[in-house]
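Peer 1: Below you will find the structure I want to go over with you.
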Amino acid sequence: MGCSQSSNVKDFKTRRSKFTNGNNYGKSGNNKNSEDLAINPGMYVRKKEGKIGESYFKVRKLGSGAYGEVLLCREKHGHGEKAIKVIKKSQFDKMKYSITNKIECDDKIHEEIYNEISLLKSLDHPNIIKLFDVFEDKKYFYLVTEFYEGGELFEQIINRHKFDECDAANIMKQILSGICYLHKHNIVHRDIKPENILLENKHSLLNIKIVDFGLSSFFSKDNKLRDRLGTAYYIAPEVLRKKYNEKCDVWSCGVILYILLCGYPPFGGQNDQDIIKKVEKGKYYFDFNDWKNISEEAKELIKLMLTYDYNKRITAKEALNSKWIKKYANNINKSDQKTLCGALSNMRKFEGSQKLAQAAILFIGSKLTTLEERKELTDIFKKLDKNGDGQLDKKELIEGYNILRSFKNELGELKNVEEEVDNILKEVDFDKNGYIEYSEFISVCMDKQILFSEERLRDAFNLFDTDKSGKITKEELANLFGLTSISEQMWNEVLGEADKNKDNMIDFDEFVNMMHKICDNKSS
């Protein structure tokens, strides 16, 4: 069709061209009662005091990027392996900011890093990398995240050359779900590519993670983004013109889908300049020999995602709900009945009025549990999440009960399902946004025998007890929630019945009793 596809394949496999150019979770002030306290995983990510070597030791180097390297590290006390992104401050290209004043330049550098930290803190989705800790010293920033041992999707593409439609659809559904979630929260990634998609392990495509939010930005519907950022193979033509919106991510996903199905990119070339010239024209082809066995539904989705005019291009949500993606969707089946029943049962029985206990159980569930411990519940969450936006709404929870009814499960035979779901949302929706978030689901649905080991309860207690006095104080709680102060009324509500010795503080034994009480009705 007039394209040298063989050269595209060879060039794509040997190059990773980089096109270079360069929550606030609390409320300060007059909180009247504990209902005003917003609880979410981002509140646990704070800049840690001390040297990173006191908490982690290096195992090996995983890779390197524009601003630093990524290390596999192991915690000295506790919960397995983590990936640590080490960002060397001096590696930033200070010239690209056209700033001569060193202080202003340093502020700009720090702004980019803090932007990535702020974004990662705010995200809670099964297909988006999770941030645990942040360290900083004179030379480096350290971002501690989940470790996914399966490596990059890029490596899988090189090894497998291309994927069948079922595997490609499974990969794209997860990527699009993550992108849909980002866009719903007014975040555009701007650097979606196979190198920024990680696999849980090399033998499974069921759990992937979107990483590297260094180029991400918040957007509004009224304002167009203007920075020229991204990677040449995957960059959208409107980004080259410096006038674009969140749909630049959809274009990048379209390029990835094209590559997954045929093994080479739609816009190839010997160098960045060649590639960008082709992207600017937006012309690509489905070579007959390479695409003759690919379904029309798959090709149609690619066409919609690679629509040149971004105003006419489909959204991530529309792509996620396309016929081709839905054709290969993994739905809840009979083998999932036990996990689904246990999850809904645990949510039904959860008593979430104690804010301190809510915060503790969310910390344990989101930060201390392992991938293996979360695996079955993560799978159920994604299957319940029919629209793929990374959150469970009332309709999706009701559908969970309806599925159990179809399996003749007694939990599905409840007469007042809508009332039950309303109560679940009231108790489990910790941040009161009207949805059950991924970490809320995991934390409340998981077996309390897994959650409430003495080690994990101690770690949760230490999160609050920042001065290591053995007591949780009013001031420490205010600090965790990002408040300037806590009223006596709110503190008394938080203390509740936990403060057995009436010393106006909570010790470890009182904390443990409180945690078991809030979940006494959970199935174990």
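Using the three backbone atoms N, Cα and C, a Cβ is placed for every residue, glycine included.
The shown structure was predicted, so the numbers you read here are calculated from the model rather than taken from an experiment.
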Peer 1: From Ser204, Ser220, Ser487, name the one Swiss-Prot lists as phosphoserine.
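Peer 2: Swiss-Prot records phosphoserine at Ser220.
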Peer 1: Restricting the comparison to the recorded positions Thr231, Asp465, Lys471, which residue's C-alpha is spatially nearest the C-alpha of Asp503 (Ca(2+) 4 binding site)?
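Peer 2: Nearest by Cα distance to Asp503 (Ca(2+) 4 binding site): Lys471.
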Peer 1: Distance check, please: Cα of Ser469 (Ca(2+) 3 binding site) against Cα of Glu510 (Ca(2+) 4 binding site), rounded to an integer number of angstrom.
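Peer 2: Roughly 14 Å, rounded to the nearest whole number.
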Peer 1: What whole-number Å value do you get for the CA-CA distance of Asp467 (Ca(2+) 3 binding site) and Met505 (Ca(2+) 4 binding site)?
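Peer 2: Asp467 (Ca(2+) 3 binding site) to Met505 (Ca(2+) 4 binding site), Cα-Cα distance: 13 Å.
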Peer 1: Using the Cβ center of Asp465, Asp467, Ser469, Lys471, Glu476 as the Ca(2+) 3 site position, which other residues in that chain lie within 8 Å, going by their Cβ?
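Peer 2: For the Ca(2+) 3 site the neighbour list reads Phe464, Thr466, Lys468, Gly470, Ile472, Thr473, Met505.
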Peer 1: How many Å separate the Cα atoms of Lys471 (Ca(2+) 3 binding site) and Glu510 (Ca(2+) 4 binding site)?
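Peer 2: Distance (Cα to Cα, whole Å): 10 Å.
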Peer 1: Given the recorded positions Thr231, Ser469, Asn501, and counting only Cβ atoms in the protein chains shown, which has the most within 10 Å of its Cβ?
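Peer 2: Most Cβ neighbours within 10 Å: Thr231.
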Peer 1: Among all chains shown, work out which of the recorded positions Asp191, Asp465, Asp467, Glu510 has the most CB atoms within 10 A of its CB.
Peer 2: Asp191
